[in-house]
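A quick write-up on the structure given underneath.
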Amino acid sequence: MKDLLNLFNQQRQTLDFDAIKIALASPDLIRSWSYGEVKKPETINYRTFKPERDGLFCAAIFGPIKDYECLCGKYKRMKHRGVVCEKCGTEVTLAKVRRERMGHIDLASPVAHIWFLKSLPSRIGLMLDMTLRDIERVLYFEAYVVTEPGLTPLERRQLLTEEQYLTARQEYNDDFDAAMGAEAVYELLRTIDLQSEMTRLREEIASTGSETKLKRLTKRIKLIEAFLESGNRPEWMVMTVLPVLPPDLRPLVPLDGGRFATSDLNDLYRRVINRNNRLRRLLELNAPDIIVRNEKRMLQESVDALLDNGRRGRAITGTNKRPLKSLADMIKGKQGRFRQNLLGKRVDYSGRSVITVGPYLKLHQCGLPKKMALELFKPFVFAKLQRRGLATTIKAAKKLVEREEAEVWDILEEVIREHPVLLNRAPTLHRLGIQAFEPVLIEGKAIQLHPLVCTAFNADFDGDQMAVHVPLSLEAQLEARALMMSTNNILSPANGEPIIVPSQDVVLGLYYMSRALENKKGEGMVFANTSEVKRAYDNRVVELHAKVKVRITQVDVEAGGKRSSGTSIVDTTVGRALLSEILPEGLPFQLANTEMTKKNISRLINSSYRLLGLKDTVVFADKLMYTGYAYATRAGVSIGIDDMLIPDEKKGILTEAEAEVLEIQEQYQSGLVTAGERYNKVVDIWSRTSERIAKAMMDTIGTEKVENAKGETIDQKSMNSLYIMADSGARGSQAQIRQLAGMRGLMARPDGSIIETPIKANFREGLNVQEYFNSTHGARKGLADTALKTANSGYLTRRLVDVAQDVVITEIDCGTTEGLIMTPIVEGGDVVEPLRERVLGRVVAEDVYLPGNDEEPIVTRNTLLDEAWVAKLEDASVQSVKVRSTISCESSFGVCARCYGRDLARGHQVNIGEAVGVIAAQSIGEPGTQLTMRTFHIGGAASRAAAVDNITVKTTGSVKFNNLKSVAHASGSLVAVSRSGELSVLDGHGRERERYKLPYGATITAKDGDAVKAGQSVANWDPHNHPIVSEVAGFIRFIDFVDGVTVIEKTDELTGLASREITDPKRRGAQAKELRPIVRIVDAKGNDLTIPNTDLPAQYLLPPRSIVNLQDGAAVGVGDVVAKIPQEASKTRDITGGLPRVADLFEARKPKDPAILAERSGIISFGKDTKGKQRLIIKDTDGSEHEELIPKYRQIIVFEGEHVTKGETVVDGEPSPQDILRLLGVEPLAAYLVKEIQDVYRLQGVKINDKHIEVITRQMLRKVEIVDQGNSKFLNGEQVERQRVIEENARLVKRNELPAKYDPVLLGITKASLATESFISAASFQETTRVLTEAAVRGTRDNLRGLKENVIVGRLIPAGTGLAYHAGRRKASGLTDSEMETLSGKPAAAEPVAAVADAGADEE
């Protein structure tokens, strides 16, 4: 019995470890694992099917084939356990030892390990400081290498050809050693003295000057350091002993018909053994050198193939021309060990079936077919049958169940009661793809799903299937109920808005019952309460849509739970009064006293959750659903072709458009417009026409004329079925109705460009052949896109999950005072996202004061901003708030709850242990399939919209300038002379309502603080010309203006005014190379004037194509335009949109022609140009200069003498995120990434909370680059985890030594995932071979901190309820061994359960 206990303990010990280390195996270690040498290539005897002795399946080496039975059958049964049979050499033990016992092959000649040879950078090459090419020549016997030069002039590691070798031998006899093949490499590696090599390299680094040499040296130093630290020896990279995998991991299975199916590994091993034995024989026979060499080369090749087939040369193929699967292939890729078996396991206890709708279910229920339930809950049913005494044995119980006796169903009912099951729909794109429900037994074979959870599962009932899983253990059931129950997941983790929102039929029903119509039966009646309304409605006294007055009782629930009620008479309709009956107590009636569109219903559910909590909201959502279905059925809404009303104006609008197009066509033929302009204008006309027809159509469908009670004819919203559906948000949108009843409009070609002939017909009129063809053209592209999109989106999600998987909330507060400053997001003057939405659910980083009052803070630091606080901020008209962010969080592992803020799916501060990284990745990846795949060509409407030439304010208020430099013009208006200036309009409370960019040279007619009215124009500029504005008053002097060389005189035919255009330097000829046309401003005496506040002369360098309208010597005032540069009609830069754009941002890719930013603050001047580049100089205030060479074709948007600040754009283009980080720092980079990514999602109408993007950004900024190593162990230019540097610096500061200085580095998500501290996580992501090679050389320890590593080693993850288990283990490791054993037996089961109970408590 004691033995048996020991046996179990033996199994248990392996589970208890804190880290995994990977290293090179030494020959002695390999021998110590081995249970014997495999000497023969034979596998099994074809007659007896018994393994051959000393073969690849030998029982003496690997263990018995049957449990407790030796091969020859002499010893059988347990009593002989541990005996080694003297006849056949087999140990009598369990057969499963054949899965763990290894063998070995003694190689007759050393063999280089291909991973360390060929996996770049080649480790053997770095170690020996030889090129891979050279080492391969030695290994494959093409050249000799000097291993020991002795006293000869030869160098160690020098290559010699056959002839050179013979000459050297004759010359120096035996004074030197040279060899070829792996022995030579082995010898070289063996004789390296790492310590002295290290010292030598460090000295060399100090003395070297060249960049490339430095790189090579630091690489070598790092490698040698790794070997010294890990205790690996370099010669172990060349193998002398080869381990043999246990036979049950490379099985040989007999098929029927006497053939065998075998693992490819057996073939590969057989090859190695054959060649090895042959080589051994040849060496014994003293065969000629050339034969031995050939055999050694073949041995090297066969071992290469075994380890990594196809890495070098052609892959070895089997009988069926298919490359054999080597050991490396076993672990890498989607089908490899990591991704197939360790990260994704299959589940028993599951069933799947088609889903149908279950409109009568409650939100926490699902309908489970009886047959399915019986099969899934079989063991529970068996147990219960036995306990009841209805069956004596399991076998009897089985019979009962198979016969499906009546009592079995009763017992099934009992078993199922309060035992939740998990429903999952593939693809599981976010955590709401698996939810728990209580099963309700139903007849039939389809699972019934509650309609309200369809949005979360993205399910519909056109044949979707779902899987059911049964949580078995008590802990699993508890977690399913407390955390995964559908009733606990009302809010979406992506944006914190309700995801349990009615859609389609339900919305239609609620909308229908809440519409108000004129002059319906019973209009104007007054009712005492809602039940009276109901009675009147049931007796057909009033109609559903009649406007009536009703006395409503309002119940207000205050924060303390006190209830107070009051009554009031409300103007409402019959339908809304009936709706008020299902409102929970405490929800104000005015929320429901509107038209119930999808948006309003969502708002209603949200308010209910915030005001009344979870339980009431769930009940309310269910009631809404039942009511919606009931009234949708009553409404009997249906659509026919007559509902698609075509507006009468359509014909007229089309005729107008056609005339316009014809006119442009004529202009084009007479050469007035270019082909591109013609195309753009035509597309423009048609998109405008399409809009006009759509508007006319919506007016036609959406309104109808009726008589009201007074007999007047008025317009009211129509009850057209088509319109109702779109207006309520039940199905369809304006864009789709436009195609049914307006005009189909412009179509896109598959490459995304727009076909200029639109489809003028709509679907009701029908398309003609050509229109139909154009229509299918675009539609087919759409379908092809969708298929590609799914794969791309999935891959993006995988990369995101991988980079963020180990971000977990680990503590409450890290104590940082850093944060991000949040302001409203403004686009084109409109506030797209007000401040309230951006700061909701965040924690304040520093006290917020009233604007202009620094005494009493409105909100103090570390307050979590909920809806009430945000309303307060809005009333105080605060414009910017500094909030805590995960990017600036200082927790050493994971992030802290304060920096993260509110858990969006629960509505309170996030719990410790929440896996926020994975949630962030899912929230960003899940809507990926809704994003577009195409790049937009700007043209037509888009470029028209770009040409804004003034600012007209939309609201009444006061003007405020931000960051604006301006000069006062003689006319009294201001002229902007900065690029980043902005103008805001504030309302009476000082709240920002609009914000606009002010371009350089804009004339501003309002002053700071002026009052403006809505519709007033406050600034204007010429969008087609970029002005150069004089900042001083004086007289013009032209310099280097040579007529016909640098300038051309032009006279305008219409006005007769003369102007000068600067020519292109390329066309000036050789003698004019040095000429640079400049306009200088001088005073009356002809002395140079300087630009205010600088010592630079007031002169403006004129770029090519600029136009000067003034004459030499003319007087200019401050703010006058000296010259102007025509802008090309809106650059047609393709903007990458949709998914590719998001991927580019997360991968931190540099754009093609990036914007050039100012490297420092200072004054701009231009130096001497080179052939294709112009030289831009920024002069600092302290006189130091920075030069930048810029290609001529790029447009420089700054002028000589202008002041720029560090990081300001100097040359237009898409900014590169690396530049933003380098010049402006982490916060602006975060702001940029968040803004750009949000823009893409916002365009598709997807809401994602900023903090998810911030979590990913934090992971992209994990690494830093060492700029100055100080006294640390890092090297200059090395990239290290930020955390390690911070720890090391803290250590150095304690000892009063110099800490290392570093700069943050931005890595793309793929790079960042591969650069994690955990090699297990990196290897299971991508490039498995490279990661493992690197890790083995370094002897890396994986501390199993992330989620992925723990999944792979088969433990609970250190997040959620698993965090308690890990904390328990850490505490426990301080205990004695015996106590440790009791713990490891049943890993602290009490703890996770307790944690779940707590979690459940704050759910309510």
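Positions of Cβ are set from backbone N, Cα and C atoms, glycine also.
Among the ranges 341-368, 789-816, 1377-1404, the one that Swiss-Prot lists as region 'Disordered' is 1377-1404. The shortest Cα-Cα distance between CYS70 (Zn(2+) 1 binding site) and any of the binding-site residues ASP460, ASP462, ASP464, CYS814, CYS889 is the one to ASP464.
In terms of C-alpha distance, the listed binding-site residues ASP460, ASP464, CYS896, CYS899 place ASP464 closest to CYS85 (Zn(2+) 1 binding site). Counting every protein chain shown, the number of other Cβ atoms lying within 10 Å of the Cβ of CYS899 (Zn(2+) 2 binding site) is 29. Look at the binding-site residues CYS70, CYS72, CYS896 and count other Cβ atoms within 10 Å of each Cβ; CYS72 has the fewest. In this structure the C-alpha atoms belonging to CYS88 (Zn(2+) 1 binding site) and ASP462 (Mg(2+) binding site) are separated by 64 Å.
Within 10 Å of the C-beta of CYS88 (Zn(2+) 1 binding site) there are 18 other C-beta atoms, taking all protein chains into account. Recorded residues ASP462 (Mg(2+) binding site) and CYS889 (Zn(2+) 2 binding site) have their alpha carbons 46 Å apart, per Cα-Cα distance.
Within 10 Å of CYS889 (Zn(2+) 2 binding site), judged by CA to CA distance, lies none of the binding-site residues CYS72, ASP460, ASP464. When Cα-Cα distances from CYS72 (Zn(2+) 1 binding site) are compared across the binding-site residues ASP460, ASP464, CYS814, CYS896, CYS899, the shortest belongs to ASP464. A straight line from the CA of ASP460 (Mg(2+) binding site) to the CA of CYS814 (Zn(2+) 2 binding site) spans 44 Å.
With respect to their backbone Cα atoms, CYS814 (Zn(2+) 2 binding site) and ASP464 (Mg(2+) binding site) stand 46 Å from each other. Comparing the binding-site residues CYS85, CYS814, CYS889 by how many other C-beta atoms lie within 10 angstroms of each C-beta, the top residue is CYS889. With respect to their backbone Cα atoms, CYS896 (Zn(2+) 2 binding site) and ASP464 (Mg(2+) binding site) stand 40 Å from each other. The most crowded of the binding-site residues listed here (ASP460, ASP462) is ASP460, judged by how many other CB atoms sit within 10 Å of its own CB.
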